[in-house]
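S.K.: The structure's right below; bear with me while I get my questions together.
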Amino acid sequence: MVAVRRRRTQASNPRSEPPQHMSDHDSDSDWDTVCEECSSGKQPAKLLLCDKCDKGFHLFCLRPILVSVPKGSWFCPSCSKHQIPKSFPLIQTKIIDFFRIKRSPDSSQISSSSDSIGKKRKKTSLVMSKKKRRLLPYNPSNDPQRRLEQMASLATALRASNTKFSNELTYVSGKAPRSANQAAFEKGGMQVLSKEGVETLALCKKMMDLGECPPLMVVFDPYEGFTVEADRFIKDWTIITEYVGDVDYLSNREDDYDGDSMMTLLHASDPSQCLVICPDRRSNIARFISGINNHSPEGRKKQNLKCVRFNINGEARVLLVANRDISKGERLYYDYNGYEHEYPTEHFV
């Protein structure tokens with residue numbers, strides 16, 4: 001469909017024409033639009049047209065569910081050749097190149113740094129620890145082969161999403177410059193990450209640079225799409241990852257219907273200064289962590305991570321942190337609507 005630009009919604013029903021006496025409203029809801037999955041013409045604004053067969057599907061009837069109309073061409077499951085994503089090759093050199101892993105002459109230094117942070121905390125009294133909890137670095141899996149499998153699972157998801165790996169916020173020409181990211185602009189202020197917290201985050205970054213990734217597996221679910229599961233026990237208050245991607249002004253993305261993974265970075269009093277993180281081109285594992293259903297008690301019970309924005313050296317950063325102990329094999333979830341409450345989650349599992 002290239003002759004007329006439209007949002008590929010309101011799929012026509014070729015099986016019948018509406019009677020002349022019907023109103024335009026009845027025509028739109030009962031005749032002009034239909035979902036091939038539920039056979040309903042309701043909510044025509046959420047019906048997506050296949051660019052090949054022109055059949056309609058509700059965004060929430062698709063598997064996995066779509067939360068917004070995608071950019072460019074879209075093909076229904078019958079017309080699409082997309083099946084289970086092809087796994088990234090479990091070859092060390094390819095994984096090292098994909099993640100740009102730095103070779104370290106002595107990786108034991110990283111482990112000792114993590115242990116020293118833990119020893120410092122043990123000296124703190126129980127009373128003090130209750131008053132001021134501290135962030136923990138994640139503990140990588142001990143088995144190097146298992147870490148390769150974990151990274152290969154992430155590479156599979158990134159490649160299927162046509163996304164390059166990045167573990168930092170990126171500032172590119174034509175979008176928001178780094179100078180725009182000033183935590184001081186945050187409406188109501190932003191909490192400052194402590195010196196020890198900054199050191200803990202830096203340790204997590206260093207471990208990832210050396211291939212000691214978080215103990216997580218990216219798993220493709222036919223209902224939810226790519227999901228993330230804990231591959232070992234994770235303690236409460238452990239840093240899971242930083243939410244990264246291209247930084248842009250919110251005003252540039254207000255009409256981005258495909259920006260379902262955008263994250264608030266800066267919620268400024270001046271709307272022109274509001275920033276978002278866009279992981280559609282560059283991202284890490286944060287992009288694939290699932291959101292809870294805010295509309296059901298069962299959905300809220302699944303939450304095991306929280307999204308927290310910190311002032312780090314004057315800049316806004318977003319961290320995903322465990323908000324309780326997480327068992328091995330447990331799927332990771334956090335609240336997509338922690339700030340603006342604008343993300344549609346009513347059809348989430």
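Note that Cβ sites are derived from N, Cα and C of the backbone, with glycine treated the same way.
Sharing the record's features from Swiss-Prot:
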{"type": "REGION", "residues": "1-28", "note": "region 'Disordered'"}
{"type": "ZN_FING", "residues": "32-82", "note": "zinc finger"}
{"type": "MOTIF", "residues": "92-99", "note": "motif 'PIP motif'"}
{"type": "REGION", "residues": "105-126", "note": "region 'Disordered'"}
{"type": "COMPBIAS", "residues": "106-116", "note": "compositional bias 'Low complexity'"}
{"type": "BINDING", "residues": "M190, R309, Y339, E340", "note": "substrate binding site"}
{"type": "DOMAIN", "residues": "214-337", "note": "domain 'SET'"}
{"type": "BINDING", "residues": "E224, G225, F226, R287, F288, I289, S290, G291, Y343, V349", "note": "S-adenosyl-L-methionine binding site"}
S.K.: On a count of neighbouring CB atoms within 10 A, which of the binding-site residues F226, F288 is highest?
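M.R.: Compared across F226, F288, the most Cβ atoms within 10 Å surround F288.
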S.K.: In terms of Cβ proximity under 8 Å, which residues at least six beyond the ends of the motif 'PIP motif' (92-99) contact it?
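M.R.: Here the qualifying positions are 148, 151-152, 155, 165, 211.
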S.K.: Taking the Cβ of R309 (substrate binding site) as centre, how many other Cβ atoms lie within 10 Å?
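M.R.: So the Cβ neighbour count for R309 (substrate binding site) comes to 22.
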S.K.: Need one number: mean pLDDT over the zinc finger (32-82).
M.R.: 78
S.K.: Distance check, please: Cα of S290 (S-adenosyl-L-methionine binding site) against Cα of R309 (substrate binding site), rounded to an integer number of angstrom.
M.R.: 18
S.K.: When DSSP states are folded down to helix, strand and coil, where does F288 (S-adenosyl-L-methionine binding site) land?
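M.R.: For F288 (S-adenosyl-L-methionine binding site) - judged by DSSP and reduced to three states - the answer is helix.
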S.K.: Is it possible to list how many residues within the zinc finger (32-82) are helical, extended or coil according to DSSP?
M.R.: 3 helix, 6 strand, 42 coil
